[in-house]
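Notes for the one structure printed next.
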Amino acid sequence: MERPEPELIRQSWRAVSRSPLEHGTVLFARLFALEPDLLPLFQYNCRQFSSPEDCLSSPEFLDHIRKVMLVIDAAVTNVEDLSSLEEYLASLGRKHRAVGVKLSSFSTVGESLLYMLEKCLGPAFTPATRAAWSQLYGAVVQAMSRGWDGE
């Protein structure tokens, strides 16, 4: 896999990182629209959410969104040395497997990430920027998938 274009990623992330909760909410709203079967995986204090809107307004889920955006931020920060995050990302993969997330769902997460970036950046979300983010996300998922494989 080619290395992602670091400057395109950093530049585009600057706009997103100004409002991580807002943009993270767009990402998860899109995720639940594309793959509604993921909603039951998110339970806090044994509480099942009745709708994506119910989940997206929950303080516990908003905390999850913040954490996801921090992981993306770490990937952006380390875009030129993602190997420094390998162990952390594999551990994150194991945690997601343990709560019932299927590895195949990360394809939908990737689509949702690109959707959020496009909504946030508008015309600045060029084909080159999309390609750079796709490469970065692919590398992150590859590292996380080691948590499924038990490596």
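Including glycine, each Cβ sits where the backbone N, Cα and C put it.
Residue counts for the domain 'Globin' (1-149) under DSSP (helix as H, G, I; strand as E, B; rest coil) come to 117 helix, 4 strand, 28 coil. What Swiss-Prot lists as domain 'Globin' is 1-149.
For CYS55 (disulfide bond), other Cβ atoms within 10 Å of its Cβ number 24. Positions annotated as disulfide bond by Swiss-Prot, on the basis of experimental evidence: CYS46-CYS55.
For HIS64, HIS96, the entry in Swiss-Prot reads heme b binding site, with the evidence type experimental evidence. For HIS64 (heme b binding site), the count of additional Cβ atoms within 10 Å of its Cβ stands at 15 [all protein chains shown].
If you draw a 10 Å sphere around the CB of HIS96 (heme b binding site), it holds 19 other CB atoms from the protein chains shown. Reported as a whole number, the C-alpha separation between CYS46 (disulfide bond) and HIS64 (heme b binding site) equals 16 Å. Between the C-alpha atoms of CYS55 (disulfide bond) and HIS64 (heme b binding site), the distance comes to 11 Å.
On the 0 to 100 pLDDT scale, the domain 'Globin' (1-149) averages 93 in this prediction.
Other Cβ atoms within 10 Å of the Cβ of CYS46 (disulfide bond) number 5 in total over all chains.
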